[in-house]
Amino acid sequence: APPPVGDQAGGRKVDCFKYNTTGSAFACTRHERPVCGTDHRTYSNECMFCMLTQNKGFGVRILQDNECDIECTQYSDMCTMEYLPLCGSDGKNYSNKCLFCNAVMGSRGALFLAKHGQCQSP
């Protein structure tokens, strides 16, 4: 099957208005219920996800209701040559986490991890 495109991309949308009760500021609790965004960053809870993604300029969704399998918080433009392959939702193999995270950022959150290891060859 072809990878999802645009609005059909992985993850679920969040109704962030329920957390934005004061009009401009979010009133988030310190309650720990980690969620993983389609930007492959772990947020401490859904409200913090809303607060920190509101100004990203593109729709970050929640990929899963726990910590990310692959964390892209600290990624670099300069990647090493290490080989720890990851399979992206676009069906492409990425040689390592750094290259995968750069592709995630370039896709504006549309790309997500399909599985650890190489994608199956057709």
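Cβ atoms are placed via backbone N, Cα and C, with glycine included.
Sequence annotations record features per position, and here Swiss-Prot assigns domain 'Kazal-like 1' to 10-70.
The disulfide bond annotation in Swiss-Prot covers C16-C50 (among others). All protein chains shown were included, and the count of other CB atoms within 10 Å of the CB of C16 (disulfide bond) stands at 15.
In sequence order, Y19, F26, A27, C28, T29 are the residues of the chain that are 6 or more apart from C47 (disulfide bond) and have a CB within less than 8 Å of its CB. In three-state terms derived from DSSP, C47 (disulfide bond) belongs to a helical segment. Sequence annotations record features per position, and here Swiss-Prot assigns disulfide bond to C28-C47 (among others).
Secondary structure at C36 (disulfide bond), as computed by DSSP, is strand. There are 23 other Cβ atoms within 10 Å of the Cβ belonging to C36 (disulfide bond). Summarising the annotation, Swiss-Prot assigns disulfide bond to C36-C68 (among others) and lists sequence analysis as the type of evidence.
Taken from Swiss-Prot, the feature domain 'Kazal-like 2' covers 71-121, and the record attributes it to sequence analysis.
Residues or ranges marked as disulfide bond in Swiss-Prot: C72-C101 (among others). DSSP assigns C101 (disulfide bond) to a helix in the three-state reduction. Taking all protein chains in view, 24 other C-beta atoms sit within 10 angstroms of the C-beta of C101 (disulfide bond).
For C79-C98 (among others), the entry in Swiss-Prot reads disulfide bond, with the evidence type sequence analysis. The 10 Å shell around the Cβ of C79 (disulfide bond) contains 16 further Cβ atoms across the protein chains shown. Mapped onto three states, the DSSP output places C79 (disulfide bond) in coil.
Following the DSSP three-state reduction, the secondary structure of C87 (disulfide bond) is strand. The feature disulfide bond is assigned by Swiss-Prot to C87-C119 (among others), with sequence analysis given as support.
Here nothing among the disulfide-bonded residues C16, C50, C79, C98, C119 falls inside 10 Å of the CA of C36 (disulfide bond). Taking the domain 'Kazal-like 1' (10-70) as a whole, pLDDT averages 86 in the prediction. Taking the disulfide-bonded residues C68, C72, C98, C119 in turn, the residue surrounded by the fewest other Cβ atoms inside 10 Å of its Cβ turns out to be C119.
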